Every structure is written in structure tokens, then in C-alpha cells.
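Trainee: From TrEMBL, here are the annotated features:
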TRANSMEM  72-90  transmembrane segment
TRANSMEM  96-113  transmembrane segment
TRANSMEM  134-154  transmembrane segment
TRANSMEM  160-179  transmembrane segment
TRANSMEM  191-210  transmembrane segment
TRANSMEM  222-242  transmembrane segment
TRANSMEM  285-304  transmembrane segment
TRANSMEM  324-347  transmembrane segment
TRANSMEM  368-387  transmembrane segment
TRANSMEM  393-411  transmembrane segment
TRANSMEM  423-440  transmembrane segment
TRANSMEM  460-480  transmembrane segment
Amino acid sequence: MAAGGGKSDDFQPFPVKDQLPGVDFCLSSTPSWPEAVLLGFQHYLVMLGTTVIISSIIVPLMGGGNVEKADVINTVLFVAGINTLLQTLFGSRLPVVIGGSYAFIIPTISIALSRRYSTFVDPHRRFKASMRDVQGSLIVASFFTMVIGFFGFWRIVSRFFSPLAAIPLVILTGLGLYAQGFPQLARCIEIGLPALVAVVFLSQYVPHFLKSRRGIFERFAILFSVAIVWAFAEILTAAGAYDNRAPQTQFSCRTDRSGLISAAPWIRFPYPFQWGRPRFNAGDAVAVIAASFVAIIESTGTFITASRYASATPMPPSVLSRGIGWLGVGLLLDGLFGTGSGSTASVENAGLLGLTRVGSRTVIQISAVFMLFFSVLGKFGAVLASIPLPIMAALYCVLFAYVASAGLGLLQFCNLNSFRTKFIVGFSVFMGLSVPQYFNQYLLVSGHGPVHTRSTWFNNVMQVIFSSPATVGFIVAFFLDCTHSYGHSSVRRDSGRHWWEKFRNFNTDTRSEEFYSLPANLNRFFPSF
């Protein structure tokens with residue numbers, strides 16, 4: 001071959017794709033109804049883990065027992081069902097589940113451990129008093145989020161987004177939750193590890209062995225894995241394998257130690273102000289507002305992931321801002337009903353879109369119906385909520401990885417031969433992992449964060465913001481992308497801005513109308529600019 005020449009069959013770089021190929025059902029399409037119902041139930045099953053984990057952390061600290069925990073879980077599910085329907089109908093219109101957020105745990109714990117409740121002798125009265133304070137803070141934070149979204153402030157910020165700034169955000173939205181993966185799985189390795197092996201084997205290997213049944217195993221690997229390993233855990237429990245083990249091991253491994261089934265009512269309708277009238281405290285509200293800011297950033301990463309796995313085009317800034325506004329409405333409902341924690345777009349459910357290759361909006365709406373149904377029929381919902389958490393952690397190892405890989409997929413829009421690109425991506429991802437590790441480790445060792453002043457609310461604000469990998473990584477990447485060598489002519493192309501330029505306005509690309517327009521011609525009253 002002559003020097004400088006090339007063969008016709010030489011490998012060429014893969015073309016850049018605005019919409020992810022290989023998706024079986026995109027945002028606006030729907031599988032057959034039996035399949036859609038099973039997929040919706042699978043999404044419901046996946047979001048249960050986070051709901052139970054958050055409630056199990058905050059309710060005992062508030063003074064509540066198993067009865068209060070069961071009521072809070074049912075309330076969270078009920079409000080999550082409403083918020084998911086609102087988000088898919090009027091918000092971002094993406095196939096995202098709106099569920100509990102880890103970002104609100106720190107301010108909620110701070111409220112629960114406040115000295116103001118030291119006078120309460122009755123744990124139930126203490127629970128209701130602390131819950132009312134959490135409700136008031138969530139209501140105040142909801143107005144902050146609604147202003148950021150509906151008044152277009154997040155639209156202004158997102159107009160400066162580039163694929164380069166979005167890469168660390170999406171990667172760390174998934175990787176930042178690594179502590180909820182294998183560390184939780186290892187609490188009961190004899191059921192957690194088989195669950196991890198089962199979901200990987202059924203979703204990635206079996207479809208290649210049984211090509212005629214490929215879609216079944218790819219789409220329902222979660223259901224098959226949970227059913228098999230849950231039955232295995234039931235056998236171990238019934239056989240007495242954990243009878244003489246440590247209490248923590250029994251709680252993690254046994255299938256009869258959650259305390260939810262006996263405590264849950266048969267039928268109960270959650271209702272606003274069920275714990276009493278909300279109370280408002282300025283310091284608590286500021287800390288929860290900081291958590292809502294973290295939820296906005298993390299939800300943005302989840303929205304971007306969902307748009308990719310639903311084979312939709314990049315979200316116009318107006319649609320993203322609209323979705324954040326409805327996230328604020330969800331926070332308001334959290335405060336009115338008393339969920340004990342705020343809401344965010346569920347990361348694990350976004351990963352499930354990639355695992356199943358089904359990004360249908362209808363499937364997510366069906367999962368919202370399951371949330372509403374099982375939240376009212378408490379006993380039935382409690383049976384599913386009692387699945388050992390190491391099994392759910394095994395699922396997270398796969399689902400969070402899919403979200404992180406969606407961020408890696410955005411690298412195709414950037415110039416990977418640019419040293420500016422290498423620095424911004426590498427530095428922001430590293431700092432997004434390193435800074436939260438420092439803040440969390442300091443808190444674990446010292447009992448308080450590295451920012452330890454006399455102002456509790458300020459300490460909580462710093463701890464909430466800098467404990468979120470996605471928030472730290474996004475702040476670093478966004479700042480560097482907007483300031484580092486910004487005047488150079490090559491920066492715009494190196495950052496991939498030119499690929500997303502045609503989606504900056506809603507009407508520039510005709511596909512935006514197909515994916516993101518509001519139903520019933522509501523765009524006449526709520527136009528997207």
C-alpha cells in the first residue's frame with residue numbers, strides 16, 4: 001500500500017447519533033399491553049428499594065416504629081405515583097420515575113436530631129412533630145424549585161450546557177451512588193452476589209444463547225432475578241440459616257424481619273396534613289433548599305440519560321426547565337402529604353430503560369398506576385417492600401452502571417484529541433468523586449462535616465452540596481467549560497456545542513414537537529420558547 005493511502009475497507013470512526021440506535025421502543029411508542037404492564041411493574045419494583053432505604057433511615061431517627069415506617073412508605077409511593085404521572089404528562093414528558101432522593105437525608109436527619117424535641121417522651125408525638133417541621137421545609141423548598149423551573153432560570157443556565165459539561169454530570173449521577181451498590185449487597189453476600197450474577201447472566205448472556213427468546217430475557221431479567229433469589233432467600237430463612245446470626249445480618253438477610261407486613265394496614269389512603277399542620281423554621285428551610293438544588297442537578301443528569309435511552313433528541317432548554325418546574329410541584333406534594341424526604345428523578349429507573357431497551361413513556365405511566373395501587377393496598381405493597389435490600393443493591397450495580405455509560409456515550413460529541421477536553425472531563429470526574437468522599441469520611445469519623453460553625457443550617461448546606469458527586473462534578477465542569485480558553489475558535493467544536501445547537505430552541509428541530517410537546521394541544525397555553 002502506498003504511503004498515505006488507505007483501503008476501502010479500513011475502519012472508520014462511528015458516526016455521531018443525535019438519537020441512540022438499537023432501542024426497541026422509543027419515547028412515543030408502546031409495546032403490546034401485556035408486555036407494557038409487566039415492564040411497568042418491573043419499574044415499580046426497582047424504585048421500591050430506594051423508597052424503603054430512605055424511610056428506614058429517617059423514620060426511626062424521628063421516633064417512629066414499624067407502623068410509622070409502613071405509613072411513610074405508602075405515602076412516598078402514593079405521592080411518587082402522582083408526581084410521575086404529572087412529570088410524564090406535563091413536565092419533561094420523558095419516561096422518568098419521580099421518587100425519593102438521598103439528597104434530603106442530611107437535612108431531614110438534622111431536623112430529627114434537633115434538641116427541640118428532647119422534651120417529648122412519647123416517640124409517636126416526637127415523630128409527628130419532627131415530620132411537621134420537615135413538611136414545612138419541603139413546602140418552602142418547593143417554591144424555590146418552581147421558580148427556578150417555571151420562571152426560566154434553569155433554561156438560561158442550560159443554554160450554556162455543552163456535551164462536555166454534561167458528561168461528568170451524567171457519569172457521576174450513576175457512579176456517585178456506588179455506596180448503594182456492592183457495599184449494600186455485601187451485607188448479605190449469600191443472596192446479594194447470586195442476585196448480581198443472575199441479572200448479568202439473564203440480561204447479557206442468555207439472550208445470545210436463546211435468540212428466539214432474546215427480548216424476553218433482556219426486558220424481564222430484573223423480574224426473573226428477583227423471583228429466583230427471593231425464593232432462595234425464603235428457603236434459607238425457613239431452614240434456619242440465620243437463626244443464630246448477628247441482628248444486623250438477620251435484618252439484611254431474612255425475609256421476615258422488615259416489620260412491614262404486620263405493621264401495614266390493609267387499606268389506607270394517604271392524605272394531605274395527615275401528620276398535622278406543617279411548621280416552618282428558617283434554618284431548616286435553607287438546608288432543604290440546598291438539597292432541592294442538588295436534586296435539580298441530579299435530576300438533570302437523569303433527564304439526559306432518559307432522553308438517550310428513550311431514543312429521543314436532546315432536550316430543548318425550555319423543556320428541561322419545564323421538567324424542573326414540575327419537580328418543584330412534586331416537592332410541594334411531598335410537603336403537603338408528609339413523605340419525610342423530597343423527590344428527584346429516579347436514577348435506577350433511568351438505568352432500567354437502558355437494560356430493557358424500552359424507553360416508552362406509557363410504560364412509566366403504568367408503573368405510576370402500580371405505585372398508587374400498592375400504596376393504598378398496604379399489605380400487598382408491604383410484601384414486595386420486604387424484599388431483602390441486598391437483592392435490590394445487586395440490581396443497582398447494573399442499573400447505575402447504565403446511567404454512567406450514558407454519560408460516556410456523550411463523549412462522541414466532543415473532540416477527544418483536545419487536551420482541554422481531556423483536562424475538563426478527567427478533572428471534574430475526579431473531583432466529583434474525591435470531594436464528596438472527603439466530606440462523607442469526615443462526617444463518619446468526627447460526627448460532623450469539615451464545615452463546622454455555630455450555624456447549623458450553614459453546616460448542613462455545605463455538607464449537602466459537597467456530598468453530592470454529580471453536583472460537585474457538574475459545578476467544576478460547567479465552570480471550566482465556560483471559562484477555560486473560552487475565546488479560542490476551536491473551543492465550540494471541541495466541546496460539542498455545534499451538535500446541540502439546533503436543539504437550543506424548541507421549534508428548530510421538528511423532532512422536538514414529536515417527543516416533548518404537551519398533550520391536548522396545551523402548548524397553546526404553555527408555549528415552549
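In case you wondered, yes, glycine gets a Cβ from its N, Cα and C as well.
Computed from a predicted structure; not experimentally measured.
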Trainee: Out of 160-179, 191-210, 324-347, which stretch has the largest tally of CB pairs under 8 angstroms to the transmembrane segment (72-90)?
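Mentor: Comparing 160-179, 191-210, 324-347 against the transmembrane segment (72-90), the winner is 324-347.
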Trainee: Would you say the transmembrane segment (393-411) and the transmembrane segment (222-242) are touching, if the rule is that at least three C-beta pairs must lie under 8 angstroms and be 6 or more residues apart?
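Mentor: Yes, since the transmembrane segment (222-242) and the transmembrane segment (393-411) share at least 3 Cβ pairs closer than 8 Å, they count as touching.
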Trainee: Determine which residues of the chain contact the transmembrane segment (368-387) at the Cβ level, with the cut-off under 8 Å and only residues 6 or more beyond its ends counted.
Mentor: 40-41, 43-45, 47-49, 51-52, 70, 73-75, 77-78, 80-82, 84-85, 88, 97, 226, 230, 255-256, 258, 260-261, 263-270
Trainee: Is the transmembrane segment (191-210) close to the transmembrane segment (393-411), in the sense of at least 3 CB pairs under 8 angstroms with a sequence gap of 6 or more?
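Mentor: Stretch pair touches.
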Trainee: Check the transmembrane segment (285-304) against the transmembrane segment (423-440) for contact, please; criterion is three or more CB pairs under 8 Å, pairs 6 or more apart in sequence.
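Mentor: By the criterion, they do not touch.
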Trainee: Short question: most Cβ pairs under 8 Å with the transmembrane segment (96-113), which of 191-210, 324-347, 460-480?
Mentor: 324-347
Trainee: Which residues of the chain, 6 or more past the ends of the transmembrane segment (134-154), have a CB below 8 A from one of its CBs?
Mentor: 104, 107-108, 111-112, 275, 278-281, 284-285, 287-289, 291-293, 295-296, 300, 317-318, 320-332, 334-336, 338-342, 529
Trainee: Which listed range (160-179, 191-210, 460-480) shows the maximal number of Cβ pairs under 8 Å with respect to the transmembrane segment (324-347)?
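Mentor: Of the candidates 160-179, 191-210, 460-480, 160-179 scores highest.
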Trainee: What residues elsewhere in the chain lie close to the transmembrane segment (160-179), defined as a C-beta under 8 angstroms and at least 6 residues from its ends?
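Mentor: Sequence-remote neighbours of the transmembrane segment (160-179) are 102, 297-298, 300-302, 304-305, 317, 347, 351, 396, 400-408, 410-411, 413-414, 421, 424-425, 428-429, 432-433, 436, 468-470, 472-474, 476-478, 481-482, 494-497, 499-500.
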